Amino acid sequence: MTMRIFNFSPGPATLPEPVLRQAQAEMLEWNAVGASVMEISHRSAEFIALAKGIESDLRCLLGVPDDYAVLFLSGGATTQQALLPLNFAAPGQTADYVVTGHWSKTALKQASPYVNINVVADGERDGFQDIPNRAGWRLSKDAAYVHMTANETIHGVEFRQTPDVGDVPLFADFSSSIAADLIDVSKYDLIYAGAQKNLGPVGICVVIVRRTLLERTGQPRADIFTYASHAERDSMLNTPPTFNWYLLGLTVKWMLAEGGVQEFARRNQAKAQLVYQTIDQSGGFYRNGVAAAVRSRMNIPFFLPNVEQDARFAAEAKAAGLLSLKGHKAVGGIRASLYNAMPLAGVQALVAFMHDFQQRYG
């Protein structure tokens, strides 16, 4: 039997082995219906019951209040970034964007054809090594919403607290940190998250939105681009990615069985601490310049003394069963992604490899 490696990919990311094994066992026949879950109608009583159960489990996992709709939509976060202004900003209105890394810049770019953009804070001036202090943010007077990216996978910075933006709706991309730590959903008006990091496979996106927001007119658009239409049809306005939805449900059940978000917050802090300690105690052989208060627990970028060492590290790590550690092309270096499904044993193996590599080449 082939041994599974430790997969540090930033997304699509490692999935819990129990989830994969259950999906494997149910591949040919699910729930005694005589067919795979990916073969049955999304409008069948069996699948509708499955979908309702998954929503209930996700609400339990994240503590989603009743006055929020939970949507399961095709695609990923980038699609939502374009849909936000179409749904919630009137023509000619301004939206505020907090820029803390590559993905918040992407969100701004996707929204810019449909809304006037005000950059309230820009971490690029400091190389995205810190999150600009809230006291210096330049919020608009009548913004349609404020947008933030909770965790930046490439630059490795993370909001540890929810920023106070007053009465303006706060929208957040939680793709890479949803269910990784406890959050108060009620402090946000809309949360969106591509599933492929902590919630399941690529191809499905969760949107959690305050129901009163769905009453906004926004801009002219088709029903398929309208959150209210998806909410009215229980995320089945069009044929949904049923197998992805099913896998997301298995992943959520696994997280609940393991102790919920509180337990994963504990695990994630412990895993990240192991890697950061190894970096900080390496005498400069490994470098991470992110301000300590905003260091990401999900994505840890670091650099060796030169690009040749970076390449050697990634290649030897792969040979040692540590996959996908090469940094993003935008910044280079090395990146370890430690999502919920990454076991402590994988992080311990990485840290042991880091020590060994430094002994041999440091």
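In case you wondered, yes, glycine gets a Cβ from its N, Cα and C as well.
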>> ALA77, THR78, THR153, ASP173, GLN196, ASN238, THR239 show up in Swiss-Prot as binding pyridoxal 5'-phosphate; which entry in TRP103, TRP137 does that record put in the same site?
In response: TRP103
>> According to DSSP, collapsed to three classes, what secondary structure does ALA77 (pyridoxal 5'-phosphate binding site) have?
In response: helix
> Near ASN238 (pyridoxal 5'-phosphate binding site), which residues of its own chain have a C-beta under 8 A away, given they sit six or more steps off in sequence?
Replying inline: SER74, ILE224
> Taking the recorded positions one at a time (ARG43, THR153, ASP173, GLN196, LYS197), which has its Cβ surrounded by the most other Cβ atoms within 10 Å?
Replying inline: LYS197
> Out of these binding-site residues, THR78, THR239, which one has the fewest other C-beta atoms within 10 Å of its own C-beta?
Replying inline: THR239
